[in-house]
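Below is one structure; the comments refer to it alone.
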Amino acid sequence: MPEAKKPELPDDETVQGGQSELTGLFVERPESTTVIKGKNVTFVAKVDSSDLLRKPNMKWLKGKWLDLGSKAGKHVQFKEAYDRNSKVYTYEMSIIKVVEGDAGGYRCEVTSKDKCDSCTFEVTVEAVQEEQPANILDSFKRSGDAGEDAGDLDFSALLKKREKKARDEPKEEVDVWEILKDAKPCDYEKIAFDYGITDLRGLLKRLKKMKKVEPKKSDAFLKKLEQCYSVDKGKRTQMHVELHDPNVQVKWLKNGVEIKPSAKYVFECVGNKRTLTINKCNLSDDAAYECVVGEEKSFTEVFVKEPPVTITKLLDDVHVVVGEKVEFECEVSEEGANVKWMKDGVELTKDGKYRIKKDGKKHTLVINEATIEDIGMYYVYTNGGESKGELEVEAKELEVLQSIADLSVKACEQAMFKCEVSDEKVVGKWFKDGVEVKPGNRIKMSHIGRIHKLTIDDVKPQDEGNYTFVPEGYALSLSAKLNFIEIKIEYVPRQDPPKIHLDTSSTGSKNTIVVVAGNKLRLDVEITGEPAPTVCWMKGDTVISEAEGRVRVETRTTLSSFVIEGAERPDEGQYSIIVTNPAGEDRAELTVKIVDVPNPPENVRCMGVGEDTATITWDPPKFDGGAPIKGYLMERKKQGSSRWTKLNFEVFESTTYEAKKMIEGVFYEMRVFAVNGIGISQPSGNSKPFMPIAPTSEPTRLTVEDVTDSTCALKWRPPERVGAGGVDGYIIEWCKEGEDNWVGANKEPVDKNTYRVKGLPTGEKLLFRVVAMNIAGRSPPCIMKQSVIIREIMEYPKIRLPRQLRTKFIRKVGEKINLVIPFQGKPRPVVNWLKDGEPLENKSVGIRTSDFDTILFIRSAERDHSGTYTLSVQIDNMQDKADIHIQIVDKPGPPINVMVTDVWGFNAALEWKPPKDTGNTDITGYTIQKADKKTQGWFTVYEHNRRPSCTASDLVMGNEYSFRVFSENICGLSDEVAFSKNTAIIGKTDLEYNKPAFKEKDMSSSPKFTAPLVDRVVVAGYSTAISCAVRAYPKAKIVWMKNKMIIGEDPKFLMQNNQGVLTLNIRKPGQFDGGKYSCKAINDLGEDEVECRLEVRGTGTHTQCHAFTHRHAQTHTHTHTHTATPIILSMRQTFIGSQ
């Protein structure tokens, strides 16, 4: 083969495909390289997916067609990785042990929905530089790659290489491009291989530039479909072709399947132009389409673009406490759209912490239990927008409702520490002097609801110390001291006066004890004196006796304890303790003050609203709980919802609060808590629902529609921004030019966008303005720029005849006619109606006239209502007229003189005359029907026949036909029909049919019972029946007998014969009705008889009767069907020839 010059290939070009948008998705592209034969090479491509909603699809191609994904294996390997932080996909392709066939052009292509990107690179393979092996044994190689002992020995390396002799003949230069220009496309690859061309892609590009391929002329198409069509989702697209032959039929195919015309796919044919229209395109219409004419086809593709999904409801900021549930909610413009949730640049997916819900257009991100780590900004992305919302999480605070108190107990007594916290779920530990207390026989711990108790039975000296309760998860501790009191008996030879040792220094003020409502007060007062003094506790002048109760006194020898269980507000007051003994008396005064949480605030109300704000005010609580009010906490919720949202975590001192970040048009409710040093009050009553809303913008396009001497008609357009409150109506105001005294034209807002202001001063120049009203108040006014002079404007009379009345107005008899004809003119013109030039006096024609139109109405149209109606409107000597032509039509009469004029072969010719009554309109055709004398059934021969004659064909030989004809006009067929006066007889040929003689079958037979009587056991008092079946012809005479005696006309027995099924009904049989019953059938050919036994038992034998009947029925299943019942026993069996 002569050596060819290697062709110069053009530089690589980026080829854009189809309708995909070529975008820069690659972060890193593979580069061309040169590799030594037998070595490995790896190519790396990186793709940025931060703007993609789906994972991109990567393809590695060699040349233009070869997909290397199908060649993956030991020689070609692929690898893929993804970095979540940078949102970058890394794709690697490795070629193991490169061979010469791997040289050439490569391409990598990445696609993702409507985006794509591609890049090319070259691989050049160089041969290995051979060296003479030092050891000849190295030249012995084995074929294969499995190991040194695998394969066959290969001695080719020892062969001596011969140098090629230079040929003396001159080398012929071959122009490869000339060969390729004349070659078939299927031979391109072979020619490229023969001449050493590796870049097939560049080869095809150069050939495309060199060859100016003239498009093949089509025999069917003048103009084919475009290469592709692009359409937005939901829009309409059209595809056109033009044909040589305007009468040829075309087919439209979608993905190879024929399309049928429908509301979605509309076919149009205008001359030689054919159009396919696709309405409301969706993703399923993104396909390949063909137009087929005979054996020729025209191809195209339709690409449907999805509109970007926008966010219609943005995320709201959320403020919660640790452990609460968090929901971020947004709405998008389309149902089923995909959204992406992110926080701190990391995409959020469904796991144990996050839940993502989708409900139509609503998308929700749920965090089950909020933690401090969840604080941050959350984003939601669609392919057409984004929104963000901030999450703030506050640490949960534990409130102490009742703290533990110090105790002083004696030996063997019980000590109980009790505290109450705000959260029932909180658990904790008890400590004594820093050491955890463990439960035992004497020490018990309990946790019931919010109350925690530590009980110590049989107190001992070693139990004395400091006890602390520490809730888990909170930086909080409650401490109290247990004092052990030792009883010492001293003998004093002398008497000591009584002494009260009262210590109230820890309460903050002298002899004043402050107790939280609901807590227990125990005041231990040590008393000394010899002999033991008598103790008396008093509240005012009332003595507190020692008794069991909520308020009591516990007295010991040297200790008196004043106890109040569950302190209440009435317990507040002045108390005194008096101790006396023979040596003297001592007295002490103390004050008990009861403090509590305050009452809830009152009269919570909304004082004003804005677009997303509301001003709330309330009254302070009537009772502050005995402690000054520190401030207030506010909550709000949507009306109908049960979820309250906290508005502040720090107490708010004022009684007026402005709530923000609300949604316009949504009803809210508010409630307020009061806070003092003791705690938080109960919530106040809910405020009345209020809606954050703003007034509308001003109305637009205020213009004058009409002016009279005392009125002015105005019209305007609604405001451009309405808001969620809508528009309740409009207020119209006017004032004289140069003044500022606006006068209201209407007291109540008007709903319409037009209004006539009345009672205006004649001749004055006035200004007008319009204000929109809604729940938020008045909008800014729309003021007319120029003043209006209140004076009547003369206007020529003019009739504005509707388009349908400018031609003949046709209606059917009995229909309603209602013609509304507007006119204009000022002052109000005089309206006059004429019919055919005469005054309109027909009472069945009604006329109604207003200031701007006149109505002619007929409740039921008749033919005499047809004619020319003239309408005239006149103002003084000015006049305008209009003519209206009304035609009332009815069904026509029947044709006249229908005749069969000729009969030949299987045809008959008919003629007739048009009807006398055409129904006041033209005859549009005739309907002809035929009927043969045998069947008398009418069948249509012709419809809409325009001529008064026709030929009836395909008549049946040997039949005689009559004909009838209907007249037809725009009202339909005539009610009456005209029959032909003569008939058409279709003569028979000379064929003769010999009818065979009929031989009647002899059905005679002697009586034979096909189903016998069956023995029965019945219960006395229940009606029963016995049955059998007989076959006989002629009909047999039936005789019933009991004990060989014929049963006559006894009313107790009823005998029936239903097509051979014989039944004897016995009404309420008694014991004497038992016996042998027989049935005999007799005719002229013989007789047959069957019999059975009937046993009648009492009611006590019902069970035995049923069992007997069941067993007996099993022996006759091959001859009859038996239904076991204690009331009626009957049998039916189908048989042949029972007549």
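Think of each number as a place in line: the chain as shown, counted from 1.
Glycine is no exception: its Cβ is also placed from the backbone N, Cα and C atoms.
Remember, it's a predicted structure, so these values are computed and weren't measured experimentally.
As written in TrEMBL, here are the features:
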type   : residues  : note
DOMAIN : 10-124    : domain 'Ig-like'
DOMAIN : 228-293   : domain 'Ig-like'
DOMAIN : 307-392   : domain 'Ig-like'
DOMAIN : 498-591   : domain 'Ig-like'
DOMAIN : 600-696   : domain 'Fibronectin type-III'
DOMAIN : 698-793   : domain 'Fibronectin type-III'
DOMAIN : 797-885   : domain 'Ig-like'
DOMAIN : 894-989   : domain 'Fibronectin type-III'
DOMAIN : 1007-1095 : domain 'Ig-like'
REGION : 1-23      : region 'Disordered'
Across the domain 'Ig-like' (498-591), what is the average pLDDT of the model, as a whole number?
81
Please identify the stretch among 228-293, 307-392, 498-591, 797-885, 894-989 with the greatest number of Cβ pairs below 8 Å relative to the domain 'Ig-like' (10-124).
307-392
Under 8 Å for C-beta pairs, could you tell me which stretch among 228-293, 498-591, 698-793, 797-885, 894-989 has the largest tally with the domain 'Ig-like' (307-392)?
228-293
The domain 'Fibronectin type-III' (894-989) touching the domain 'Ig-like' (797-885) per 3+ Cβ pairs under 8 Å rule:
yes
DSSP on the domain 'Ig-like' (797-885): how many residues come out helix, how many strand, how many coil?
6 helix, 53 strand, 30 coil
